[in-house]
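> This structure is in structure tokens; I'll ask about it shortly.
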Amino acid sequence: MELQFDEKGLIPVITQDVKTKEVLMLAYANEEAIKLTLKTGFAHYWSRSRKKLWKKGETSGNVQRVVEIRYDCDCDALLYLVEQKGNACHTGNYSCFYRRLEGDEVRC
């Protein structure tokens, strides 16, 4: 079975700290981003807003060295296990999942 990309040629990527197992972020990758990740050992993604490839930490220095890549049972999602340098989130938080949903109010 092959990886199952969506109609836009993307696959969701969950990124997790290899040591702590903390979930750091959710992003998307296309085939080229996955190939670059495998070739370089550093996480590459597809930016849906900018519509271009990006190496995580390219400007901030907060790179992700990929230790292992796993795929799920349906071959439609990836898990990058990484060594995170600095913070993963553009807000300055270590993880993008730093807020808790309580009640019915969501502030984005």
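Including glycine, each Cβ sits where the backbone N, Cα and C put it.
Sharing the features that Swiss-Prot gives for it:
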- Asp72, Asp74, Asp76: Mg(2+) binding site (BINDING)
- Cys73, Cys89, Cys96: Zn(2+) binding site (BINDING)
> Under a criterion of Cβ-Cβ distance under 8 Å and sequence separation of at least 6, what residues of the same chain contact Asp72 (Mg(2+) binding site)?
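Same-chain residues close to Asp72 (Mg(2+) binding site) (Cβ under 8 Å, separated by 6 or more) are Leu78, Leu79.
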> Within 10 Å of the Cβ of Cys96 (Zn(2+) binding site), how many other Cβ atoms are there?
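Within a 10 Å radius of the Cβ of Cys96 (Zn(2+) binding site) lie 17 other Cβ atoms.
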> Around the C-beta of Cys73 (Zn(2+) binding site), how many further C-beta atoms are within 10 angstroms, looking at every protein chain?
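Total other Cβ atoms inside 10 Å, all chains included: 7.
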> Counting other Cβ atoms within 10 Å of each Cβ, which of the binding-site residues Asp74, Asp76 scores lowest?
Asp74
> What is the set of residues, excluding Asp72, Asp74, Asp76, whose C-beta falls within 8 angstroms of the centroid of the C-beta atoms at the Mg(2+) site?
Gln4, Tyr71, Cys73, Cys75, Ala77
> Measuring Cα to Cα, how far is Cys96 (Zn(2+) binding site) from Asp74 (Mg(2+) binding site) in Å?
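Cα-Cα, rounded: 25 Å.
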